[in-house]
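According to TrEMBL:
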{"type": "MOD_RES", "residues": "Lys224", "note": "N6-(retinylidene)lysine"}
{"type": "TRANSMEM", "residues": "20-40", "note": "transmembrane segment"}
{"type": "TRANSMEM", "residues": "52-69", "note": "transmembrane segment"}
{"type": "TRANSMEM", "residues": "89-107", "note": "transmembrane segment"}
{"type": "TRANSMEM", "residues": "114-135", "note": "transmembrane segment"}
{"type": "TRANSMEM", "residues": "141-159", "note": "transmembrane segment"}
{"type": "TRANSMEM", "residues": "180-198", "note": "transmembrane segment"}
Amino acid sequence: MNNLLLAIADVSKIATDDYVGFTFFVGCMAMMAASAFFFLSMNSFDRKWRTSILVSGLITFIAAVHYWYMRDYWAAHAESPTFFRYVDWVLTVPLMCVEFYLILKVAGAKKSLMWRLIFLSVVMLVTGYLGEAVYRDQAQIWGLISGIAYFVIVYDIWLGQAKKLAIQAGGSILKAHKTLCWFVLVGWAIYPIGYMAGTPGWYDGIFGGLAMDVIYNIGDAVNKIGFGLVVYAAAVASTSPAEA
Ligand SMILES: *C/C=C(C)/C=C/C=C(C)/C=C/C1=C(C)CCCC1(C)C
């Protein structure tokens, strides 16, 4: 009986002022709920939207699994789970690039656009990882390279080929594309702030006091769930009788 009680009680404590632990916990739950929502609503849409909604669900599901591990890791070691964090990103951010492609496919988007965005996102993340985890004393340089890749992505979707395709498609596609562009410009900009809070550099005096993981966790919730909901809304809009 005692053992059973111990087994039930064997959950790590989360202190009331542990905002990192708290946001890992809530983030995990939110990602799970979002995944259930996307997966279960998938089949109520046209075929051409199903893959997009499926990808939205995969993004939040992959994140939910990583958050499960990150929550545990933080509770056990009180250290940033950098490895799990970047494995999560390197899987989910390319899927967000796929999402751009899937939406623009109706306007004739080519696979090359998708691969270009995926490549840029991997460069952004690998260089970010090098600065955060491997060459921390050169974090500023790696962060700068990562930032350049990020800006090329922003340019591509806001002003480059992707934008032309979105204009051609018009209607709910153009609207969804624009909203996703704002997510990348403003929502993704949360991450470099987390990076500057968690690595040494000229920016120490500005962001040094902030908790990197809380910032990353907020960014993930906004971007992964928000991105998925934009796609969901676009699917709803283009399935409604008004536009059918
Ligand atoms: C679901 C996860 C997402 C959308 C993660 C996005 C991550 C970034 C946009 C990270 C960007 C970074 C920079 C632009 C510079 C500093 C290093 C990074 C990797 C934090």
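Backbone N, Cα and C define each Cβ position, glycine as well.
The residue listed as 'N6-(retinylidene)lysine' has a Cβ environment of 29 other Cβ atoms inside 10 Å. With a cut-off of 8 Å between Cβ atoms, the residues of this chain six or more beyond the transmembrane segment (180-198) that come close are 80, 99-100, 103, 128, 131-132, 139, 143, 146-147, 150, 153-154, 157-158, 163, 206-213, 215-216, 218-219, 222-223, 226-227, 230-231.
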